[in-house]
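Copied over from Swiss-Prot:
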{"type": "DOMAIN", "residues": "1-237", "note": "domain 'Peptidase S1'"}
{"type": "DISULFID", "residues": "Cys30-Cys46", "note": "disulfide bond"}
{"type": "ACT_SITE", "residues": "His45", "note": "active site, charge relay system"}
{"type": "BINDING", "residues": "Glu64, Val69, Glu74", "note": "Ca(2+) binding site"}
{"type": "ACT_SITE", "residues": "Asp96", "note": "active site, charge relay system"}
{"type": "DISULFID", "residues": "Cys159-Cys174", "note": "disulfide bond"}
{"type": "SITE", "residues": "Asp183", "note": "site 'Required for specificity'"}
{"type": "DISULFID", "residues": "Cys185-Cys213", "note": "disulfide bond"}
{"type": "ACT_SITE", "residues": "Ser189", "note": "active site, charge relay system"}
Amino acid sequence: IVGGTDAVLGEFPYQLSFQETFLGFSFHFCGASIYNENYAITAGHCVYGDDYENPSGLQIVAGELDMSVNEGSEQTITVSKIILHENFDYDLLDNDISLLKLSGSLTFNNNVAPIALPAQGHTATGNVIVTGWGTTSEGGNTPDVLQKVTVPLVSDAECRDDYGADEIFDSMICAGVPEGGKDSCQGDSGGPLAASDTGSTYLAGIVSWGYGCARPGYPGVYTEVSYHVDWIKANAV
């Protein structure tokens, strides 16, 4: 997250760290969001090329805030199955969404909780909050503490003006400030973009891609969750 501030424990109870384990060490590489006790939502490009039926060495951590400290609130569960969207396009990042089936159930509390989905076809508006442990500048360092930043949503028309009409699909939603300086970045991928224009918080986007990070005139591009609600409900079973 570029231009963000530290979150506090329990502020984003739906945020997950999606990690790879290797020789006893765990490495954060993407974000994810809690859908229910047994499923998480992340980006397709975070899992592309993995063994979807029998993934090994993948885990999610819920209730995490500071990666360098054991807060006692963490819940770590391995990923038992990956459900990648059947129309995911790795080159164009169309339909950049996947589900992670967990090998056990999360226990919900003040620090670990699901995030609601919008109605299928809902158009999010206003300001949104994006969170993650990704780099705090383009090509920069990663923070220990979860970062948050608030940015306004950008219309599809404006985003197509910025990137080109052939780059922004209906399955995408854009957010950012015109002058740059606030954005998601490498390592935030798969994580949540939360909106609340309905009066309660819901998952509006999944961190997907962008031209660099926080560059003027190039908003962050996210998977539009309202485009995929029916798919999520049909596959998280």
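Residue positions begin at 1 at the first shown residue.
For all residues, glycine too, the Cβ spot is worked out from N, Cα and C.
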Whole-number Å value for how far His45 (active site, charge relay system) lies from Cys30 (disulfide bond) (Cα to Cα): 10
Could you check what DSSP calls Cys213 (disulfide bond) once collapsed to helix, strand or coil? coil
DSSP-derived structure type at Asp183 (site 'Required for specificity'), helix or strand or else coil: strand
Roughly how many Å separate the Cα of Cys213 (disulfide bond) from that of Cys174 (disulfide bond), to the nearest whole number? 13
Express the distance between the Cα positions of Cys174 (disulfide bond) and Cys185 (disulfide bond) as a whole number of Å. 14
Determine, to the nearest whole angstrom, how far the Cα atom of His45 (active site, charge relay system) is from the Cα atom of Asp96 (active site, charge relay system). 6
C-alpha spacing of Asp183 (site 'Required for specificity') relative to Glu74 (Ca(2+) binding site), in angstrom: 26
Over the domain 'Peptidase S1' (1-237), what does the predicted model average in pLDDT? 98
With an 8 Å cut-off on Cβ-Cβ distance and a minimum sequence separation of at least 6, pull the same-chain contacts of Val69 (Ca(2+) binding site), or say none. Asp144
10 Å Cα neighbourhood of Ser189 (active site, charge relay system): matching recorded positions from Cys46, Cys159, Asp183: Cys46
At the Cα level, what's the spacing in Å between Cys46 (disulfide bond) and Asp96 (active site, charge relay system), rounded? 9
If you take the centroid of the Cβ atoms of Glu64, Val69, Glu74, the listed Ca(2+) site, which other residues of that chain have their Cβ within 8 Å of it? Val61, Gly63, Leu65, Asp66, Met67, Asn70, Glu71, Ser73
Round to a whole number and give the Cα-to-Cα distance in Å for the pair Asp96 (active site, charge relay system) and Cys185 (disulfide bond). 16
